[in-house]
Amino acid sequence: MTRLTTELPGLALKNPIMPASGCFGFGREYSDFYDLGKLGAVIMKAATGNERLGNPTPRVAETSSGMLNAIGLQNPGVDKIIANEVPFLAQFDTKIIANIAGSTLEEYEYVAQAFNQTNKVHALELNISCPNVKEGGIQFGTDPTMASRVTEVVKKASNLPVYVKLSPNVTDIVSIAKAVEAAGADGLSMINTLTGMQIHLPSRRPIIANKTGGLSGPAIKPVAVRMIYEVSKQVQIPIIGMGGIKNAEDVLEFLLAGASAVAVGTANFQNPFVCSEIINELPQVLDKYGFNSVQDAIGKGIVA
Amino acid sequence: MIRKVGMKIISIRCIAQDTFEMILENNFISNYAVPGQFLHLQVGEHSLRRPISITDCDPSRSTVTIIFKINGQGTRELSAYQVGQYLNVLGPMGNGFPLHANSTALLIGGGIGVPPLYYLGKTLREMGCTIISVLGFQDKNHVFYENEFKNLGKNFIVTNNGSYGESGLVTDVINHVHHFDYYYSCGPIPMLRAVSQELKERRGYISIEERMGCGVGACYACVVPTKDGTNYKKICKDGPVFVAGEVKL
């Protein structure tokens, strides 16, 4: 037990830092920059039952303090991920979280079962919040009944702890959080991107071929902090927080809001070393603000 | 191997309308970058880096030259950087052009696709190649590096409106060039499509660009479908250079 450790169901983490799904591929590219064993965990890019080719390009557009993306869940399918990617990540002394997506309950069930059988994956992140595909899960993420149904199915399909990744594109995120908690979720992962759009003035067309995309980066950080704060007061299960984290002070802010660990997404694109640097800086930031450990800071925001 | 480095700006000058040449100093990049690779530049606080191809490298002076065109807020800010400032750079990125010694190479560039062909042409020349270049620009005000390419070998300049050099498109000129072993092309997608169609019986390589995220192959933003449409290649990592006909333009 050191001052950076944090404990979530199925995930005894050496530190609370993990790259966010979709922003780190399956780790190979970033393993050229630093030892992935330094990370608390790695959340893999979303896996679906079969290969998906994703959306046409352009798939990204820069915005003020962030970016829009509409990749469209491009991935080689769960079987190839298990054959080619999981063994690579398993070489490192870190926890592996598999993000799973689908268009039907059966597809979620299939993907969850497949990862369960590997014995190399430590938890599932249930993606019911991808805004960029017609059938990619968000239909499950915006309705409490559907959200709890898919959570039950995935819980039954595997023995792995399940973290449900929530969409911020809802009126009442607390009701979705409570619904998935009641359905057996072991934790929450929040927030996914906010749906947005940007129009290119010379052509009068959206920059992104999919027209709309998911907004990420520092622009959404206050939304994430607010939602984590609201949800953490209403549920008993832990939260992996994400949304615009760029440095160790941002991490502390998420811990104070009620997150037990955090994921870093868009910032990896600007600085491939960002997760490693945050892990180095976190002890000094805890010192600066008077915390002995990560555990000490969780949920300690003071909102009178 | 990609590194994150600081590159000192040695010079910056406007060489054509909205087009800037910047010379940067860094020992690692100048020694290891090969023709066709690019730099991923951090401009100010922008969320995403800017991929800019390498125009030239001079290891003896530890310098790397880039040429960029103002095409948005990021490149506008880049053009305002001053000599002596440092740029935060990831590089060298991507795969370069295959090089065939002692061959005759036809270089076909369009607009801001011209710069990587200079480092390519210079390198091929040192390998005993004969260089022919056909460079297309919008109009007279956008033409750059004519003398540099003339120093490499036979050179044709083409402008869309005929205000300088030949009038029309690069494909109007390449029709008349028959004696070459390989062609190398970089420019806008419609130009690359026309060139690879025109030269479909010949061996060649194309370099393509797309809005990019990470630049290292992790985010799947800058993809291009393979020829049969059943898969994608990542432009930043598998490219930006592809064998002509390998990907669907």
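Each Cβ is built from the backbone N, Cα and C atoms, and glycine gets one as well.
Keep in mind that TrEMBL annotations are predicted by a computer and have not been checked by a curator.
According to TrEMBL:
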BINDING   B:R50, B:P51, B:I52, B:S53, B:G74, B:T75  FAD binding site
BINDING   B:C214, B:C219, B:C222, B:C236  [2Fe-2S] cluster binding site
DOMAIN    B:2-99  domain 'FAD-binding FR-type'
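Projection of TrEMBL feature records onto the structure.
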residue: B:R50; record: FAD binding site; Cβ neighbours (10 Å): 21
residue: B:P51; record: FAD binding site; Cβ neighbours (10 Å): 22
residue: B:I52; record: FAD binding site; Cβ neighbours (10 Å): 26
residue: B:S53; record: FAD binding site; Cβ neighbours (10 Å): 26
residue: B:G74; record: FAD binding site; Cβ neighbours (10 Å): 19
residue: B:T75; record: FAD binding site; Cβ neighbours (10 Å): 18
residue: B:C214; record: [2Fe-2S] cluster binding site; Cβ neighbours (10 Å): 28
residue: B:C219; record: [2Fe-2S] cluster binding site; Cβ neighbours (10 Å): 30
residue: B:C222; record: [2Fe-2S] cluster binding site; Cβ neighbours (10 Å): 28
residue: B:C236; record: [2Fe-2S] cluster binding site; Cβ neighbours (10 Å): 28
FAD site span - longest C-alpha distance across B:R50, B:P51, B:I52, B:S53, B:G74, B:T75, in Å: 15
Inter-residue C-alpha distance, B:R50 (FAD binding site) and B:C214 ([2Fe-2S] cluster binding site) (nearest angstrom): 10
Spatially closest candidate among B:P51, B:I52, B:G74, B:T75, the listed binding-site residues, to B:C214 ([2Fe-2S] cluster binding site) (Cα to Cα): B:P51
From B:C219, B:C222, B:C236, the binding-site residues whose CA lies within 10 Å of that of B:G74 (FAD binding site): none
Length of the line joining the Cα atoms of B:I52 (FAD binding site) and B:C222 ([2Fe-2S] cluster binding site), in Å: 14
Intermolecular Cβ proximity, binding-site residues B:P51, B:I52, B:T75, B:C214, B:C219, B:C222 versus chain A, under 8 Å: B:C214, B:C219, B:C222
By Cα-Cα distance, the member of binding-site residues B:C219, B:C222, B:C236 nearest B:P51 (FAD binding site): B:C236
Beyond the site residues B:R50, B:P51, B:I52, B:S53, B:G74, B:T75: chain residues whose C-beta lies within 8 Å of the centroid, for FAD: B:F38, B:L39, B:L41, B:R49, B:F68, B:L78
Euclidean distance between Cα atoms of B:C236 ([2Fe-2S] cluster binding site) and B:S53 (FAD binding site), Å: 11
Secondary-structure category, per DSSP, in which B:T75 (FAD binding site) falls: helix
Helix, strand or coil at B:S53 (FAD binding site) [DSSP, three-state]: strand
